[in-house]
Amino acid sequence: QSSNSLKASYEDWLLTYGLSVSPFHMRWQTALFNRQFYNWGRWRPRFLYLWFSIGMVFGIVAMFGSVILLGKTLMQTLTQMLTEAPKAQNDRMLQVVVSVLSSGLYLRVVPGVNLPVSQLTYFFSAILISGVIHEVGHGVAAIREQVRFNGFGIFIFIVYPGAFVDLFTTHLQLISPVQQLRIFCAGVWHNFVLGVASFMVLFLLPAILFPFYYTGVGALVTEVAEDSPANGPRGLFVGDLVTNLQDCPVYSVEDWNSCLGDISEKSQVGYCVSAATLQQLSFPARVYRRLDGTVECCSNNSLTDICFSYSNNLNSHLYACLPARKVIEASKVCQTNMDCQKDFVPSFCVTPSLENQTRLIRVKHPPHIDMLYVGHPMHLQYTVSLSSFVPRQNFLSIDLPVVIETFCKYLISLSGALAVINAVPCFALDGQWILNSFLEATLSSLIVEKQNRELVGFLILLAGSALLAANVALGLWMVTAR
């Protein structure tokens, strides 16, 4: 008896505060924001009519576009699986590995697995904001169309947050199909607008932050991972400004990434060394070949010496073990001996003899001494975080622009993905209701029987659901298989 009484009081408490708890799912609904929603829905009726009419057109176009996009993505994934040819992640239009949780979408992300723990705050915040903006669109459009608004809520499914609005279903069924379309399309329309607004903020960020930060002078180091090859007394430190990678100028983070990409794709550059200096610095060492076919001539495991190769006038390949810093400092880069002929001083173009994919990179970060990095260029890219924004005053945070940039990128990605996926004509998504209302608005004169129109809609929804499920299944397989 006491157990039943306790259960009843607990359920009453949940009901009083609008809470609902079930396995893997918790939701909270409230009427606290109803007055604000009604104020928004009654603000400038003509403007809202135009706003949601544009959203209706966008939602219909997005419905057809999402099907084309998912179809192309599915074909690309299948082709990639059959050919077993790795493809760059950025080259895929949209590898959809999604969990559609009510009105939320979570794109190819497993927290702690392929999403860095440091990015979790951005990820969940962007999901929640995208979901709230999505549902605000539905709610305001519904009030604009005289549909009763019961409340707004937030839910958590497993660990993923989302939002929802509670509308009076009977009112929805009584209004015209075009009015329904304005309501059902409002969510994807608001997500699209949020994505565009975030993109504009990202694009205009240098101008927005101009009074406090300047750009175009280099890439500012904001973090160096503990296990980074760039970490150490002769490495990079937080606050350093990188201006060059080899002879590639760096004015921003984009230049840093571009220079590292070029360095990894091209062959190792050489350095001009005079014959006299070469004879003075080199010392005899045994030459042997590594397993990958490259040559090593420094057998003392020195941290300062590197094996260099060069050609004499007889075009024979020679090797010398040289102190790297003395060779490279104040030396210009070259490809052949001809690049080093100057002032009639005999010089050679000496090239580091390193393992395949390994590069010797000179990183300039004045006023400090140049950092010499030996390793794969991508390791340097992954373990060093940079910003294009340099504070004008010392008390300004070097992390603030990075936080804004990262958050805008998450909003663009997740809000855009939410718009695309919700527009798919699939069961339980906005696309289901968009499709049904669209068919009612366009086919009522061609297909008189409502049951036949519903059958056409059901078949399209079945195909759309299968298309989305296929993308989800193959996308999950692609992620787990790698």
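A Cβ is built for glycine as well, from the same backbone N, Cα and C atoms used for every other residue.
If you check TrEMBL, you get these features:
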| type | residues | note |
| --- | --- | --- |
| TRANSMEM | 48-71 | transmembrane segment |
| TRANSMEM | 122-142 | transmembrane segment |
| DOMAIN | 122-462 | domain 'Peptidase M50' |
| TRANSMEM | 149-168 | transmembrane segment |
| TRANSMEM | 188-210 | transmembrane segment |
| TRANSMEM | 410-435 | transmembrane segment |
| TRANSMEM | 455-479 | transmembrane segment |
If you count CB pairs under 8 A between the transmembrane segment (122-142) and each of 48-71, 410-435, 455-479, the winner is 410-435
Under 8 Å Cβ-Cβ from the transmembrane segment (410-435), and at least six residues away from its ends along the same chain, one finds 59-60, 62-63, 65-67, 69-70, 94, 96, 98, 100, 102-107, 119, 122-123, 125-127, 129-131, 133-134, 180-181, 184-185, 187-189, 191-192, 194-195, 198-199, 202, 457, 460-461, 463-465, 467-468
Here the mean pLDDT of the domain 'Peptidase M50' (122-462) is 90
